[in-house]
Each structure stands twice: as C-alpha cells, then as structure tokens.
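*Asks:* The following feature annotations were taken from TrEMBL:
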- A:97-312: domain 'ABC transmembrane type-1' (DOMAIN)
- A:12-30: transmembrane segment (TRANSMEM)
- A:97-122: transmembrane segment (TRANSMEM)
- A:134-159: transmembrane segment (TRANSMEM)
- A:179-202: transmembrane segment (TRANSMEM)
- A:243-269: transmembrane segment (TRANSMEM)
- A:289-308: transmembrane segment (TRANSMEM)
Amino acid sequence: MLAFIAQRIGKAVIVLLAIVVLNFFLIRLAPGDPALVMAGEAGAGDQLFVAQLREKFGLDQPLPVQLFVYVKGILSFDLGFSFRQQMPVSKLILDRLPATLLLTGTAFAISLAFGVLFGTLAARRAGTWTDTAITVLALIFYATPLFWIALMAILLFSVTMEWLPSFGYETVGANYTGLAHMLDVGAHLLLPATTIGLFFMATYTRMTRASMLEVKRLDFVKTARAKGLRDAVIQRRHVLRNALLPVVTLAGLQAGTLVGGAVLTETVFAWPGIGRLMYEALLQRDYNLLLGVFVVCSAMVLVFNLLTDLIYRSVDPRIEFAA
Amino acid sequence: MLKRTLIGLAMVCGLSAAAPAGEPKAGGVVNAVIQPEPPGLMMGLVQNGPTQMIAGNIYEGLLRYSPKLEPQPGLAESWTVSEDGKVYSFKLRKGVTWHDGKPFTSADVVFSIEFLKQTHARARGNLVQLDKVETPDDATVVFTLKQPFGPFLGIFEVGSLPMIPKHIYEGTDFKANPANNTPVGTGPFMFKEWQKGSFIRLVKNPNYYIKGKPHIDEIYWHVIPDAAARSVAFETGKVDVLPGGSVENFDVPRLSKLKNVCVTGNGWEFFSPHSWLWLNNRSGPTANKKFRQALMFAIDRNFAKDVIWNGLGKVATGPSGSAIKYYSSAVPKYDFDPTKAKALLKEAGYKGEKVRLLPLPYGETWQRWAEAVKQNLQDVGVNVEMIATDVPGWNQKVSDWDYDIAFTYLYQYGDPALGVGRNYVSSQIAKGSPFNNVEGYSNPEIDKLFADGAVAFPDSKRDEIYAKAQKILVDDVPVAWLLELQFPTITRCSVKNLVTTAIGVNDGFRDAWIDK
C-alpha cells in the first residue's frame, strides 16, 4: 500500500506542474494586468506610475522568463508574492484556508450525513409519501441557484426573524473566548454551511436512493433474506454498504472542489475564505495570488482523489491497490 | 415623486444641517462598511478609494477644506502667501506627535514631499511648480514656487499630500518597509488590527493634539463583498455607517426610509466626481464634431438623474463641476432634444455605422445607466453595440483607445488645473493609462488656455481664462458630459458630525460622536 501511495504522489506532482504551466498562460490571456488595475484604482496614474508597477512585479520581463521564475519558486514551495496585497501568497492562503475548510467541511459533513440518511429512508419507503416528499425536496434544492437560497435564508433568518447573523465569521469586537467563541462562530457558520450543504445533500440523497433500490434487487440480498437475517442487518450490511460505492466516488470528486467551490456563498455571507480570495485576485489580475489559489485547490483535488481510493478499499475489500 | 421623497427625508433628518444638536458625548464604537478591501493602508504608497477612506483617520495633511473649498487649519495652523504669489509659509501646530510618540516637525514635511514625489502620481503632478522647501525652524515650512501656481493652496488635503513619518522611512526602500503593514500617522485614530477579509480596527489616539478629540473610542471597518449583504448588514443594525457608494443606488431610498437613518450627499465637494462618456475623437463616427453634439442632444440626462441616481446629483453643463473653482455657466446648452439630434446626425453624414459602447463595470447602477443611454441613442438612429467587460478589461480597452463611447467618472480636486485640464490638453494624450486625455482631443487653443490658467496671477485672470476654455470645450464636445455625481453617505442618526469637510468621510472621524 505504501508503494501505491508513493507512486500516486509522484504522478500527482507531475500533474500539478502541468496545471501550473497551463494556468500560468490561461490567466495571462485575460485582458488587463495588475499594474493597470492598480493605477486605475488610484484614480490617477501617469506612465511612470504604471511602468514602475510593471517593473516591480516583473511584468516587464518576457513571458518565458516570468514562467521560469514562477516554476522555480513553486519547486521550492514558494508561491510567490502578491502584487496587490503586499504579502507572500502562501501567508494569504494559509490565513484564509481554515475558514474555508471549516465552512466547506461542515457543509460536506452535513450533506453527506443527511444525504445518505434521507436517501436510505426514501429507498426503504420507496413509493410512499415519505419517499415522494424527500425526492421532491431534493429536486428543488438541486435545481435552485445557491445565491438565491443564500439571499432567501438571510432574508428569513437574519432580517425577519433576527435569529442568525447575516455576514462574517464571528461577532467582530465581541472578543468571545472558549465555548462562547465556538457558539458564536457556529451561529455564523450555520446559514452559509447549510446553503452549500443543501445542494450537495440533494445529490447524495438521490444517488443513495437510486443505488440502494438497485442493490436491493440483487441475488445476494435475496440470499440474505432467505437465510432469515433481520431486515435492519440486511439493509445496513448488505444493501447500504454496496450502495455506497457510487456515493463515495461522488463525494471524493466533490471533496476536491470544496476549497474553491464556495466563491458565491463566501461572497454573499462575507465569509473570509479562500473562494473570495480567488475571486478578488481574478478581478484584480493578481496573477501570483490567483495561481497560488489554483495550485492549492489542485493539490487538494489530488489529495482527495488519493483518499477516495483508500476509502474505496475499506468500503469494498475486493478492490485492490494498483497505481 | 422620488425627488420629493428625498427632499422630505432631507428635512426630517436634517440633511443640510451641519451643526450637531447638543454637546458631543465621549465614547462608543462605530461600525462602518468598506468596499472593496483596500490593498494597504500606507497612504503615501496606495491611493485608491478605500485606502483613503480608512487611512484618512490615521494620516493627516497640512490643510483641510470647508465644503466651499476654503482652506482650514490641519497640521498647519496658519499660512501666508507672498505678494507675487510665489512664496507660501506655513506655521505648524505645536505639540503634535506621531502615533509612536516621536514629535512631528517641519523636517517631516520636507521628507513627505520627497517621498510622495517618488510614489504618488498625483502629488508628482501637483508639485511641478515647486522650486524649493525650506525649514527656518521646527515649526515653519516655506515653499517657494518657480512661478505662481493658482491651485497651490488646494493640494494639501490628506489624500493628496499626507504627512509621512521621516524617522520610519528615511533611508529605507519605501515600498518594502515592514512598517507599511502598521501605518503610523499623526491622526485621531491609530491602526490596531487587520483581519484580512473580515475587518480593520482603528482605536482612539489618546495623545491627539486637540484635547477631547476624537470622541469615539473605536472604529471597525467591515469588509462585505456583496452589495445586497451590505444593505442587510445596515438594516439589521450590525453596521452604522455606509460611506458613499457602499450600496447600489436603488437601495438608497429604501434604507433612507428606515427609522433613525440619516442620508447626506455632502462631503464630495473637493472630489466633485464628474461623469461623462469618453468619445473616441480619433476615428469612427465619434470623430465628427456634429455627431458628438448630436449625442449631447440625444441623451436624456434628467431621466438618468431622477430615475437611475434617485434624484441625487446635478446635470453637468460642461467640463467643470459647479462646486469647483472658476466654474462658468455661460456655455452652449444641450437640452434633451431628439429631433435636433437626428438633424445633426444627418448633417454629420452618419450612415448607421456600428458604435461600441463600453459601460463602467462598477455594479448595477452603471449597467442600467448604460442601457438607458443605449436606448436614447437608438431612438435617434445610432447603431449601438454594448461591450461587456470586467474592471481590468475596461482599463485595458480604455487605455488602448479600443472603444467608441465609454462611461467614466473622474475626480476634479477642486480646481480646473488639478482635475479638469488633464482630460483635455494634448500633452496628456498617452496610450496605456485610463486617466488622462483618453478621448484624444487636441486643440492648441485649449492647451494654451489651461497652461496659462494654472500659473495666471492674480485669481481674477484665472477666472477669465477658464471661462473661455469652458466655452470652447462645450462647443467642441470632446466628451459627452453627463452628471455631477453625488454618492450619499447613509448613517444611523445617532452618529453625529461625521461629514464636515469637502472630502467627507475621507477626512476621518475626528469630529464625529455618538449620541447614545
């Protein structure tokens, strides 16, 4: 198994480098560069000002030189310097990563737990009104745009009922500690995490339901039933366990996108995470920062793919490791 | 109808009443919105809007300006100008210290000038006529000019010429100085904390040189990227101050109607944001003067003011805004008149060539305005194609002159020599920057008038020169002027005395207090 992991990591590094080079050129295809954006924001910029900025950022160098400098940095784990924020990219990203992981991690946990639960429930009661209710709700949450759900949630829970805060990560200036702080962050977390969670929950629900109904008809389930096993055991050990494989595949894919996938929600809820950082870097053509976020997100996808493969194995021992 | 509502509100909330009722009370915390998050707070290095808004509390200039643009004492308590208009002496306030306790002296002023000449594009331009700076003693600074420069007393506002601490920056690489992350000024508030993506926290300067000020203990600037979320934050009471431009314009009437909410359009007199359409004078239909005049008649600017800007602002009559010096209303008039526009288009020989219109990508209000203008132009038979871009794309297209009509607005900085001339004189035609003579208008007579106007002495001569320049420009229509914009500042009424000078919120919360 260690050999498998080592091999996969080796491959991942090569993929990552390819991603870096590709992104490097893709970003530069967009019109406008950071120097122009910053001159624009200053409301006045003479030629000297823009030229100074370009020189400082190394944008006056030929593209291959810029690429060389960048890749050299990446290879020594240096993500470069953010032109605009005047800070190392790695620091900016590390500062924001925990908030995003907390948000998307919670959303992921909520969606997976409830998705599998509701999917199982719907499959067991297939055809009844419970099944219909779950399926219809899942369809609605799947089809409704995230930002709309977010705004409606704010309108309902923050503006009208005044139960939950509408923006931010914690109550600024309250200086809570310990449990009070956790509860405060939790209150801020609830709306955005649920917003993201609802969409993913809908996919898991539908997939678990379909998959369980399919497995239920298979011969080994009939055998188990013929053996006289209790229904709960059959559902859990035989049906659910086998039905979960496609759900794990999907969850693995989605876990990889969790880091970058929260741009909209983070923006609407002013959540200080990495999705917003990426979006702002894009609008400001902050090349290094944008590339840095891409690299981190890509690395996450690769890591989660590896983890998914390992989890496969524990869900279904018949699957063997081969790189 | 809408106008009436706003006027009614103005009366209820005492919109025009600058004088606060009662004695200022000490203490309290203010929560304000900042949008977008500033790239840095070191005002000598970064000059964008959000930086100025926050750092105006930390740094100070030698002078402040009343809403009528008269200079007021800042770090300089008095000043004299020589008879020939060339020598300006400033007496500095005594007992002023930097936030780290070091005294502020005339040496800091000299250093600041040197610093800003290297880093601040606008300061560099403002200081071209400066010959030398002398410091007879710690509390006196004498500026000698090469020749009289009319707007000289107007360049000392905190955003244009912030004072920089010599003892921190001398002999260092300014842009790489670690102190940039912990700005040190002389202002009423000190930098305390910056949680990137969340908030910036300023605290009261206990050693501020005006006893009893500032009244407020702490200011939190919240970073909330979504415009609707900013409205909600104000509505739910989490935020007390929405500086101009924080929320979409269509939210302003709704928020104004909330209980205990005050709205003011004041505090923009110095900047006087002037909006216009950049017309490409080099090629295409817009190169024809008759075509450009037709546009002025075709666009319903009163509609834009009343509907899109909720009645705020003023229809622009020409290159100068009505709040800045040497404004002249004796210029050709362009009232909304589609028939006249059509006639002029015919005279211009316009045959339906496609015209590319570039909206300003600054949110919904600007998008809607572009749609309204497109409609106006189509109504008189102009074939308009709207081009969609984001901010960097807009910068690039405008800087490369790759457009026919482009929305924009520029600040005027109180004087035609500082903020108006730059858009019309030939020497400012340069590819690669979005804030110069982008339209490519070139007229030797105008060049001479603006050159003379800057150095004419005494002021009565300047008045004549600029009146003439405005007349010529308005007839030539190098750009299509739209509105003198006003960005309303929305606050809880308990926040008193916030907007008192010509730069509004940018002048900091020095005099503000909370009525609990």
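A Cβ is built for glycine as well, from the same backbone N, Cα and C atoms used for every other residue.
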*Asks:* Check for me, if you would, whether the transmembrane segment (A:179-202) reaches the transmembrane segment (A:12-30) - at least 3 Cβ pairs under 8 Å, residues 6 or more apart in sequence.
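*Replies:* Output no: the transmembrane segment (A:179-202) is apart from the transmembrane segment (A:12-30).
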*Asks:* Taking the transmembrane segment (A:97-122) as the reference, which of A:12-30, A:134-159, A:243-269, A:289-308 gives the largest number of Cβ pairs under 8 angstroms?
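*Replies:* Against the transmembrane segment (A:97-122), the leading stretch is A:243-269.
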*Asks:* For the transmembrane segment (A:289-308) and the transmembrane segment (A:134-159), decide whether they are in contact, meaning at least 3 CB pairs lie under 8 A, counting pairs 6 or more apart in sequence.
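*Replies:* No, these stretches are not in contact.
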*Asks:* May I ask whether the transmembrane segment (A:243-269) has at least three C-beta pairs under 8 Å with the transmembrane segment (A:134-159), counting pairs 6 or more apart in sequence?
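*Replies:* They are in contact.
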